[in-house]
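Asks: Annotated region 'Disordered' per TrEMBL: 333-359, in sequence order. For 26-45, 65-82, 88-112, 124-143, 163-181, 193-216, 228-249, 261-281, 293-310, the entry in TrEMBL reads transmembrane segment.
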Amino acid sequence: MDVTSTAAASASGGGRWYTGMSADNIKGLVLALSSSLFIGASFIIKKKGLKKAASSGVRAGVGGYSYLYEPLWWVGMITMIVGEVANFAAYAFAPAILVTPLGALSIIISAVLAHVMLREKLHIFGILGCALCVVGSTTIVLHAPPEREIESVTEVWDLATEPAFMCYAAVVIAIAAILVYRFVPLYGQTHVMVYIGVCSLVGSISVMSVKALGIALKLTFSGTNQLIYPQTWAFSLVVISCIITQMNYLNKALDTFNTAVVSPIYYTMFTSLTILASVIMFKDWDRQNPTQIVTEMCGFVTILSGTFLLHKTKDMADGLSMSSSFRLPTSSSVRFSKQTDEDGEGIPLRSSESFRSPH
């Protein structure tokens with residue numbers, strides 16, 4: 001009897017990994033991997049489109065929208081949409097603990113493609129910062145609790161309208177508004193955290209709505225129509241509004257700063273705020289022990305360390321440039337300097353140029 005019960009427990013628990021992943025998990029894994037590939041490539045394609053559009057119009061970083069007439073930018077946009085749809089579908093088949101960490105692959109893909117296609121350079125400590133950001137985010141998502149079972153979109157609405165999450169949403173909207181109306185005009189061109197902060201804050205709200213919308217569609221396809229509830233359409237409106245805002249400021253960030261820097265910062269801030277929103281809305285920490293919570297907090301510290309290194313990358317590069325100015329220039333350094341001047345690409349977390357006249 002004991003042997004039988006032990007074998008049954010093994011088959012229903014950890015033993016399933018020895019007998020292979022389920023068909024649904026395999027589908028989710030393939031969708032998540034393809035999502036990372038498409039999203040990582042979209043950063044590069046869109047930036048090439050932004051650079052091409054800037055040559056014949058006003059740059060997106062200073063408020064221009066000429067990129068909307070550039071076919072290459074739309075190719076990148078469609079590529080990103082395909083990646084996001086694949087990521088959305090992956091959550092319908094596999095648990096978040098399997099899908100979310102794979103988003104880090106888009107950072108690696110975009111960094112490699114940026115080096116090959118855009119000739120963007122990243123300081124060695126910037127690479128270390130990227131690695132820390134990825135490790136910290138992976139630590140958080142790997143130790144995050146499993147999602148709770150939801151049987152109706154009205155359940156998600158009840159969770160979203162509880163006082164705790166309403167306070168979080170109010171704080172997010174207030175901070176995003178302050179960034180947009182106060183800090184973007186002053187520091188948008190010099191500090192990458194301004195644009196990315198808006199994208200990440202708004203993104204944390206959009207993911208909660210995307211989850212609700214995904215649950216509604218999944219239940220509808222399974223035979224329980226959720227489209228009759230006004231909450232489904234309310235969540236859809238929130239998703240559309242948030243995505244438009246995210247795309248606008250993400251375009252500004254990509255047009256102004258190095259892709260290899262934008263990608264990891266956007267990933268880490270977006271992931272961290274999304275998990276925070278999920279913890280507040282779904283009360284995930286109520287189902288966790290102290291060890292898991294401490295591990296997640298260590299992941300946050302790791303992310304902060306990586307972000308700090310990324311911020312210091314520009315200053316360190318400037319210091320190296322000043323020290324190298326005391327040496328006689330070699331032919332290779334002249335070629336690198338010429339290439340940098342022509343491309344307008346460095347390693348910036350802060351832009352080397354200001355488009356505002358000095359006061």
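Quick reminder: no glycine exception, Cβ is built from N, Cα and C everywhere.
Just so you know, TrEMBL annotations are computer predictions that nobody has curated.
How about a rundown of where these features are and what they're close to?
Replies: Away from its own ends, the transmembrane segment (193-216) comes close to residues 88, 91-92, 150, 153, 156-157, 160, 165, 169, 172-173, 175-176, 179-180, 183-184, 187, 226-227, 229, 231-232, 235-236, 238-239, 242-243, 245-246, 249-250, 252-253, 256-257, 262, 265-266, 269-270, 272-274, 276-278, 281 of its chain (Cβ-Cβ under 8 Å, at least six residues beyond either end).
Sequence-distant contacts of the transmembrane segment (228-249), counting only residues of its own chain at least 6 positions beyond either end whose CB sits under 8 Å from a CB of the stretch, comprise 77, 152-154, 156-157, 176, 195-196, 198-199, 202-203, 205-206, 209-210, 212-213, 216.
Below 8 angstroms of C-beta separation, residues 125-126, 128-140, 143-144, 261, 264-265, 268-269, 272, 275, 285, 349 of the same chain, each at least six residues beyond the ends of the transmembrane segment (293-310), sit close to that stretch.
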Asks: In the same chain, which residue numbers or ranges, 6 or more beyond the ends of the transmembrane segment (65-82), come under 8 angstroms Cβ to Cβ?
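Replies: That would be 38-39, 41-50, 52-54, 56-58, 247, 251, 255.
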